[in-house]
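S.K.: Straight from TrEMBL, here's the annotation block:
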REGION    B:1-25  region 'Disordered'
BINDING   B:N250, B:I251, B:C312, B:S313, B:D314, B:G315, B:W316, B:D317, B:R318  substrate binding site
DOMAIN    B:281-343  domain 'Tyrosine specific protein phosphatases'
ACT_SITE  B:C312  active site, phosphocysteine intermediate
REGION    B:516-540  region 'Disordered'
Amino acid sequence: MFSLKPPKPTFRSYLLPPPQTDDKINSEPKIKKLEPVLLPGEIVVNEVNFVRKCIATDTSQYDLWGKLICSNFKISFITDDPMPLQKFHYRNLLLGEHDVPLTCIEQIVTVNDHKRKQKVLGPNQKLKFNPTELIIYCKDFRIVRFRFDESGPESAKKVCLAIAHYSQPTDLQLLFAFEYVGKKYHNSANKINGIPSGDGGGGGGGGNGAGGGSSQKTPLFETYSDWDREIKRTGASGWRVCSINEGYMISTWICNAITKSHPQRSDVYKSDLDKTLPNIQEVQAAFVKLKQLCVNEPFEETEEKWLSSLENTRWLEYVRAFLKHSAELVYMLESKHLSVVLQEEEGRDLSCCVASLVQVMLDPYFRTITGFQSLIQKEWVMAGYQFLDRCNHLKRSEKESPLFLLFLDATWQLLEQYPAAFEFSETYLAVLYDSTRISLFGTFLFNSPHQRVKQSTEFAISKNIQLGDEKGLKFPSVWDWSLQFTAKDRTLFHNPFYIGKSTPCIQNGSVKSFKRTKKSYSSTLRGMPSALKNGIISDQELLPRRNSLILKPKPDPAQQTDSQNSDTEQYFREWFSKPANLHGVILPRVSGTHIKLWKLCYFRWVPEAQISLGGSITAFHKLSLLADEVDVLSRMLRQQRSGPLEACYGELGQSRMYFNASGPHHTDTSGTPEFLSSSFPFSPVGNLCRRSILGTPLSKFLSGAKIWLSTETLANED
Amino acid sequence: MASASTSKYNSHSLENESIKRTSRDGVNRDLTEAVPRLPGETLITDKEVIYICPFNGPIKGRVYITNYRLYLRSLETDSSLILDVPLGVISRIEKMGGATSRGENSYGLDITCKDMRNLRFALKQEGHSRRDMFEILTRYAFPLAHSLPLFAFLNEEKFNVDGWTVYNPVEEYRRQGLPNHHWRITFINKCYELCDTYPALLVVPYRASDDDLRRVATFRSRNRIPATGGGYESDDAYHNAELFFLDIHNIHVMRESLKKVKDIVYPNVEESHWLSSLESTHWLEHIKLVLTGAIQVADKVSSGKSSVLVHCSDGWDRTAQLTSLAMLMLDSFYRSIEGFEILVQKEWISFGHKFASRIGHGDKNHTDADRSPIFLQFIDCVWQMSKQFPTAFEFNEQFLIIILDHLYSCRFGTFLFNCESARERQKVTERTVSLWSLINSNKEKFKNPFYTKEINRVLYPVASMRHLELWVNYYIRWNPRIKQQQPNPVEQRYMELLALRDEYIKRLEELQLANSAKLSDPPTSPSSPSQMMPHVQTHF
């Protein structure tokens, strides 16, 4: 337990991690005036007092009193009241416990009890009644509800309209990140490159890893050297980095990649993703159904048909399809020694997901935190995955599709099956997903690097920001986790089960020998689909439009499609008959019994689904204590070896673990902490207006827990 | 975790269908050595057969039948498949194909097992090899139909602990603070004359006289009066009694439900619509209802400090499930290995769950309507709880699996017969070995490394379909493609770290000793620290 006290109302406190000493529960200092905590560039556009935040639908006894504000970044509920029942166990430095970033808002519903009216608020809409209630459906599965019984009816209405307006901007440059970065450039005009070094905010930073242990920077693949290093790391000797696309002239998106192919290009295996995988609309439809099922529908009523309903969403089926197909490509690369070309109409959706999954399976480096981040940077951000459209930051829903979440989900399936193979935890994956909903990080804001440069240059000109020789504004990178979490909280990203190699393969730019039995390649080549018919590939056609590569030096005879399936089967069967080498290839088990629902991600806001004092976190906790104890012992051993002079040196090392053993021999004395639950570190209380659940546990199971309103019933407003 | 041993006393449950390519050394050994045998186990016959493995195709092998097991060893050089099946798990033996059957491997035996699998053997049509095998198997798998003893009475295994002493009613009641001024111990049933399916020693409400009990008994199925943990209909002895009904289906529904589960998992797992197929078996739904009932009972007891009367029509199926699960939720003692053994011994064995009828030990009547997987359902609920609370139970999954395996195997006396009086008549504790002897003499293997001993913590599992899962490692364990990684990687990692911790502590102590020696006597340093621990950090 740590830092439960609200940050002081300055923006410095947001950007600097609080001191590490606040490990106790502080009695919350009373803030006399309810003042919002604002970021640079953030302004309050509307606010209303005497608002009640509802905690449960069946009782108002836990409701919180406070002020609701709408800024150009978030909606914020500011209260003196402590959170009832259950506390959050991590906090986002950018957002208060009750805050919702505007880009996280899915739907805004206003209600008037007395007139029995409800309306889903779009942008620029009128509201003919004074709302008594406001319900916010969030993209991260939360549902937040406020009541205005005691507030001024007009100001309540204004706030609702403001939220509707600001959460649905029409122009990219209206997203808060621009305002924030613009402010930062102005504030630090005298500093080189605009952004003060050290806060890692710029594209060049990438931030340090998740916490104590890893101080490695995440390569952003914006520069020649990142690519060059990656090529050396993967041993792809037949490839070179080319800067021909420096001016984004080859295509509208990035192609600062490798253009020379391998001599044996005839042995390329072409995988037509459009034919084998669900398309983005189907993935989106599955996600909508999944969300409806997990959070919107009444808990009790969905119980009886839960399994078939879950199947009907097709979400798990799609996750499985991506894993299965990626595993088959691993077979092509690993066993058949074929280069693989991913074909997709635009080559920037399904192929991002498949290319990443293939690499996570193939290369243990991408299962480290730094590696995973560099993979996302390489295969998603720089590859031109259209985060802006797919996340639907501008509310043009026809292009929305949660492929990135699907990738995180598929990664979670691998993590679930190989818990010791990943440096990161499932909390990390969930937090990463949440971060796509915060419109501050350049990482998830644009449709392509080119768009970032173009739009931010325009913005800079309009705001009189001198860019110098920089290409566009540098936005904060999501990989700079210190912007969001304290060092202590970041330790939650570490998977205590991980069995890592002692050192990563690159240090100071020089390539250390990276042990691989065979040559191993970490990227896939994506080609243009139309030109690859009939297997005839001319030099020009093979020119990858995309950024990455794969090649195998030794060609195999052309594959026979007939026997291919059974060969693949055989390969998998043999692979699974042996114990997995966690530092080599890992393959997913993809039978229906193996693909599971990622409960932490989808159930964390659902009180009825929460197992208090239970869930896998309790085993995680126990193992963390032990791992921490082993760390402490190993430090003590080192001290003993180096003698008393250096005895204090080792103490500087901060624990890698969120949960610490209090002393070397204390592992067994501590029970399961009260605050652990299957939702940890998240807490469903107060984030979903359902029946109250703490009190008697029976209400969880026995009576129909009715959710307030489901979005479905609200479709016809007014 | 201890690695799965294939020692003579194969205690590693029944998980022996494995293909081991590395160890071929045993192939040419003597026949008698080729079959693991328990003391008291005798070889009856052996035959060359083709085992039609649903996962790897037909495999030529030699099958050995003893009075306890069917054992098959592959005769093919590229496979060392071994099948080791206690005859007790067999529920049905059928002949397939006739003398005129054509086609490869169409003539032979099809054996249905109680543990979610079928075994098929193809035999030669010439001679009488199938008839012989059929008759011998029938004889030894269904000894009761042939006036033969169950193997448990022939088993001469010796263990260094005696599982029969695990449960002592008086001691256990004392642990619970009984008798007290509300409850008293009665010996009214000492000679099983009040109720022949109840234990000799009972705890009853203080104010209920023995005469009362005799009167109540006449109203109940087979005189089963409500005893401890419960109340009974005479409400002057029971105030605060609240009545609620649980909609749990009968034993026949459960049996059919389990059958459907088998249909979708054996031999092939229904792939295209796994979840809806699973739903259509209703197995998890029944699990949910049982857990829900137990949660209600536990909640009533823990919140109201009141006693709860749990009853079903005769009080030996649902009652046992609900009371034992509720106790598991309420009392952390029962979540230890020994506590769980006591719980099973008390609530199931002692209180007369009709194991013999529900399981059909040694009985050939596989269609018997009395059979039902009530105890399996209970163990499944326990497994579900252990999934939701990974640190709350001292035992691991293997513990639950070995209990289920020996529920059928007839190697131990633990689950034999329908009630305590019948067991007493058969002198079960004297003439057979207890399953707890096997488990308690090898406890390490059944321990959950994450167990955190806690007192006074009530567990409330979430009885929701969102959390209930099919127990793959039990129901689908025969399928090598589905089977999950063993040992469990998470447990394995924990054990590695434990070992590492102990190693570090040892080294640290050695170093401290060496350093203090160095300080007191500088010139002599017996071992330099850097020599001592050259690879300490390589684990990370």
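Cβ atoms are placed via backbone N, Cα and C, with glycine included.
Given the structure is predicted, the values throughout are model-derived calculations rather than measurements.
How buried are the listed features, and what sits near them?
M.R.: Around the Cβ of B:W316 (substrate binding site), a 10 Å sphere holds 25 further Cβ atoms from the protein chains shown.
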S.K.: Determine the mean pLDDT over the domain 'Tyrosine specific protein phosphatases' (B:281-343), rounding to the nearest whole number.
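M.R.: Taking every residue in the domain 'Tyrosine specific protein phosphatases' (B:281-343) and averaging pLDDT yields 86.
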S.K.: Looking at Cβ-Cβ distances, which residues of the chain lie under 8 angstroms from B:N250 (substrate binding site) while being 6 or more apart from it?
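M.R.: Non-local contacts for B:N250 (substrate binding site): none found.
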S.K.: Can you count the other CB atoms that lie within 10 A of the CB of B:R318 (substrate binding site)?
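M.R.: Around the Cβ of B:R318 (substrate binding site), 24 other Cβ atoms lie within 10 Å.
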S.K.: Determine, from DSSP, whether B:R318 (substrate binding site) sits in helix, strand or coil.
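M.R.: DSSP call for B:R318 (substrate binding site): helix.
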S.K.: With DSSP as the reference, give the number of residues of the domain 'Tyrosine specific protein phosphatases' (B:281-343) in helix, strand and coil.
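M.R.: Looking at the domain 'Tyrosine specific protein phosphatases' (B:281-343) with DSSP, the answer is 47 helix, 0 strand, 16 coil.
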